[in-house]
Amino acid sequence: MADPLTCTASDLLPLLGGAANTTAVATFICSRFDAVSAKLSDATYAIDNTYLLFSAYLVFAMQLGFAMLCAGSVRAKNTMNIMLTNVLDAAAGGLSYYLFGYAFAFGGPSNGFIGKHFFGLKEFPSPSADYSFFLYQWAFAIAAAGITSGSIAERTQFVAYLIYSSFLTGFVYPIVSHWFWSGDGWAGAAKSSGDLLFGSGVIDFAGSGVVHMVGGIAGLWGALIEGPRMGRFDRTGRSVALRGHSASLVVLGSFLLWFGWYGFNPGSFLTILKSYGTRGTYYGQWSAVGRTAVTTTLAGSTAALTTLFGKRFLVGHWNVIDVCNGLLGGFAAITSGCAVVEPWAAIICGFVASWVLFGFNKLAEKLKYDDPLEAAQLHGGCGAWGVLFTGLFAKKAYVNEVYPGRPNRPYGLFMGGGGKLLAAQIIQILVIVGWVTATMAPLFLALHKLKLLRVSSEDEMAGMDMTRHGGMAYIYHDEDENSNLPQFKMNRIEPRDTPTGEHYSQPDSV
């Protein structure tokens, strides 16, 4: 926020001459001036906090998108399970982030590794942050946990979800966000004091690395340690498709995520009432917010279309599920540089992100890696590409607007800014992979050794909805025995094998 306007009687006395009561007049004028200045300051805080709260609500709406996407991407017999895990990601993440996560992430003043103030929001709000900022950052934390849940879907014990989700949102993710987003972090571009990493710091504006790579790498280790779902690969090692049960839910979830991304990326400015003063009164942070929404849209749209035609060329089908995944891969990639690149560069970002997703999916198939939602490939792989993309295409003028105060900081390699920013971005990728591996892999291994990670083969074959959650998701029965309304009930149906190895269910009766 801009410095408040000030007025003192001593400033006005020479201008008022030697008239009687000059001091009283000057004091009165300044008191009115100060009152107006305070009102303007209050209005600025109110507008900026309202903008941030609205952005937080949009990001939280992405949890509904994740839930629908996950539900549609798994088989019907595990729908209840995966939706419940999405609910618990938000609920368990809310408490763990409140108690520990926010303090570890933004509890300054602190060292470059970890925050140490505001546990349980003690002594909050502060001059540096209000409750709206906490809510916004919590929405980001549970998004990372939601990514991980998709990778280990259809075979994971419910207690394992609770343990890893609380650990991820309360400790692992907050440390990474402290490094790159806190003013005290050792590698962030917004570091408030001291030298920046390679003179630039890491530019990860909305979290291609901080959110998407963290969630994707955590999911990678969970899925690797658990192993593939039963039936995912046949005895010869050939891939067998275990298709999700509802393309409609996948599309609904994708559109909800698209909608929420307008809080995820543009909202990361945190404020909107700020003038840059470089192109006249019409241009300010509100313009950068709009540009960020445009780059986000173009990257996702380009990735979706590239995936559409790429899949048509590679396998001969127009596949809506693959298009939705490509769309989300483009969004995950642009999230790092959305505020500091030109719209035309966002098209390049989305185009490459689509092929990155193709490549990682092909590699996963060869390595017999099973991820029902392609979450590790999509968020981890495309997120890493987005971090590199920022180091290549960040524009000098936009970097100086978003990260002011250091006019000579490096910018994108392809934009004439040298390779220092790209070097910082590579460091980010390496340390995120190392940190998440060092923390989440041992956790998943411990859960595996304690037999708390994977469900039994009998439960997995029957479906966790029936064995763990009391019934199928798609059942309706009127509990009023005396009701005259017609009743609808679907009986439990066991899957039967088809010649292709896929499982289908047909209702016995309706």
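Yeah, the Cβs are placed from backbone N, Cα and C, and that goes for glycine too.
Keep in mind that TrEMBL annotations are predicted by a computer and have not been checked by a curator.
Listed in TrEMBL for this protein:
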type	residues	note
COMPBIAS	491-500	compositional bias 'Basic and acidic residues'
DOMAIN	51-474	domain 'Ammonium transporter AmtB-like'
REGION	491-510	region 'Disordered'
TRANSMEM	51-74	transmembrane segment
TRANSMEM	95-114	transmembrane segment
TRANSMEM	134-152	transmembrane segment
TRANSMEM	159-181	transmembrane segment
TRANSMEM	201-225	transmembrane segment
TRANSMEM	246-264	transmembrane segment
TRANSMEM	344-364	transmembrane segment
TRANSMEM	422-447	transmembrane segment
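Here the transmembrane segment (246-264) has long-range neighbours at 54-62, 64-73, 76, 139-140, 143, 206-207, 293, 296, 300, 320-321, 324, 327-328, 331, 335, meaning same-chain residues at least 6 beyond its ends whose C-beta is under 8 angstroms from one of its own.
Taking every listed stretch (134-152, 159-181, 201-225, 344-364) in turn, the largest tally of C-beta pairs under 8 A with the transmembrane segment (95-114) is reached by 159-181. Taking residue pairs at least 6 apart in sequence, the transmembrane segment (51-74) and the transmembrane segment (159-181) share fewer than three C-beta contacts under 8 angstroms. Contact between the transmembrane segment (201-225) and the transmembrane segment (51-74) is absent: fewer than three CB pairs lie under 8 Å, with pairs separated by 6 or more positions in sequence.
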